[in-house]
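> I'd like to ask you about the structure that follows.
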């Protein structure tokens with residue numbers, strides 16, 4: 001799919017189709033289109049589309065009218081309109097089309113280009129059956145966007161983000177017998193070779209030498225060897241890097257604290273944090289900003305076995321702090337805490353961990369916003385700002401002493417869960433915060449946003465867009 005910009009009257013475009021937009025107050029400025037909208041009782045609601053054939057005055061074969069809802073046009077309604085358009089374009093097998101320029105309140109034209117490319121590329125992603133993997137092809141070959149600008153940077157960035165999201169979704173959708181810790185390591189190595197990045201993979205023996213007793217307590221019940229994967233992009237000399245840590249539990253049975261059987265197949269998605277940081281690295285490696293980025297993936301499988309960790313076991317983390325494992329199904333924090341200690345070697349500017357960490361965040365925030373926690377107000381505000389630009393929402397949750405005290409243990413420095421069923425997402429974040437001394441840190445709980453269930457089951461690619469925007473915002477701050 002190729003994107004171009006052109007300053008041309010849309011009626012003059014010769015192609016398979018053109019896309020125009022309509023909202024509750026105004027319709028596309030063409031008498032024939034306005035009459036056809038009235039005749040078809042088109043109400044311009046977001047997500048509604050009207051397909052018109054051989055419209056007088058248009059050189060394209062078909063015209064697609066997409067609703068934008070009430071004025072002023074919102075970014076979210078524009079995204080809904082684009083997603084609806086893609087469905088029609090695929091149905092009519094359009095190869096060459098033009099999209100009308102639309103002004104979005106609060107955003108500039110570069111952003112419109114970026115979001116258009118990102119949404120239209122991402123909307124064509126298809127979940128593929130195992131053993132029948134093919135290069136994604138929607139049939140759409142060229143999309144021309146009406147614009148008075150010459151810069152294609154927004155288009156390039158949007159396509160790169162969609163490419164990173166596609167990698168994240170593909171990894172998440174793979175079955176856990178394919179996407180193992182070793183598979184994630186292989187993917188990182190392939191990215192390093194493709195984009196000339198630095199890659200290091202620590203094996204179990206290396207982690208034992210480093211004293212990662214918490215991480216290894218999770219992997220010990222599985223026949224799949226654990227991996228600690230790091231991938232580095234250097235775009236700005238010796239500047240302190242942004243470090244992203246992605247939880248990579250390639251399958252989470254719960255361990256000895258076994259999960260219920262219903263829906264357990266979806267626990268292959270417990271590595272979506274790791275998948276997302278690989279997706280972000282793919283984006284950054286293509287955009288090539290002047291910044292340093294390191295992504296770290298603690299990758300394990302959590303399984304029950306005769307040698308698996310048991311409730312009540314006490315383990316020693318890389319930090320030297322001891323942890324009482326009250327629930328082996330609260331394993332994500334056990335691998336992340338050692339990774340958060342390990343990343344100090346990179347002398348980070350900031351560290352953000354991304355994890356499908358708690359079911360409690362789904363209860364609190366549903367599938368719309370990822371949970372955000374941070375030990376630094378400015379960092380949290382930067383992430384919130386990036387979420388608004390990227391339309392990849394977050395909602396901040398507190399870190400306070402009252403919640404942290406719930407992790408008290410009589411037998412270790414801390415327990416891996418709180419003493420009650422309350423505030424599960426917050427106590428998980430408090431647990432992680434105990435391992436982040438010495439650097440600015442934020443935590444994204446993506447358990448509700450990383451994938452969807454039901455008939456359209458599949459990974460979403462979130463929060464690749466958010467993290468990319470955050471990184472690019474940091475680049476701008478340093479200019």
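Note that Cβ sites are derived from N, Cα and C of the backbone, with glycine treated the same way.
Note that the structure is predicted; figures quoted are calculated from it, not measured.
According to Swiss-Prot, the feature active site maps to 259, 333. Annotated Mn(2+) 2 binding site per Swiss-Prot: 247, 252, 270, 331, in sequence order. Taken from Swiss-Prot, the feature Mn(2+) 1 binding site covers 252, 329, 331.
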> Under 8 Å Cβ to Cβ from residue 333 (active site), same chain, six or more residues apart: give me those in sequence order, or none if nothing qualifies.
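Residues satisfying the criterion: 357, 416, 428, 431, 432.
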> Return the single residue from the binding-site residues list (270, 329, 331) that has the minimum number of other CB atoms within 10 Å.
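If we count Cβ atoms within 10 Å for the binding-site residues 270, 329, 331, the smallest count is at 329.
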> Please work out which residue of 247, 259 has the most C-beta neighbours within 10 angstroms of its C-beta, and give that one of the recorded positions.
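Within the set of recorded positions, the most crowded position is 247.
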> Compute the mean position of the Cβ atoms of 247, 252, 270, 331, which form the recorded Mn(2+) 2 site, and then list in sequence order the other residues of that chain whose Cβ is within 8 Å of it.
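Leaving out the recorded residues gives 218, 248, 249, 267, 271, 300, 302, 332, 335, 355, 356.
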> Sorry to bug you, but what's the C-alpha spacing from residue 252 (Mn(2+) 2 binding site) to residue 259 (active site), rounded to the closest Å?
8
> Under a three-state reading of DSSP, tell me whether residue 247 (Mn(2+) 2 binding site) is helix, strand or coil.
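Its secondary structure by DSSP: coil.
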> When you measure from the Cβ of residue 252 (Mn(2+) 2 binding site), which residues in the chain that are at least 6 apart have a Cβ under 8 Å away?
259, 267, 270, 302, 329, 331, 332
> Give the three-state DSSP assignment (helix, strand or coil) for residue 252 (Mn(2+) 2 binding site).
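Reduced to three states, the DSSP call for residue 252 (Mn(2+) 2 binding site) is strand.
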> Starting from the Mn(2+) 1 site formed by 252, 329, 331, give every other residue of that chain whose CB sits within 8 Å of the mean position of their CB atoms, in sequence order.
218, 249, 253, 254, 255, 257, 259, 267, 270, 302, 328, 330, 332
> Going by DSSP, is residue 270 (Mn(2+) 2 binding site) sitting in a helix, a strand, or coil?
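The residue in question, residue 270 (Mn(2+) 2 binding site), is helix (DSSP, three-state).
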> If you run the three-state DSSP split on residue 259 (active site), which class comes out?
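In the DSSP reduction, residue 259 (active site) maps to coil.
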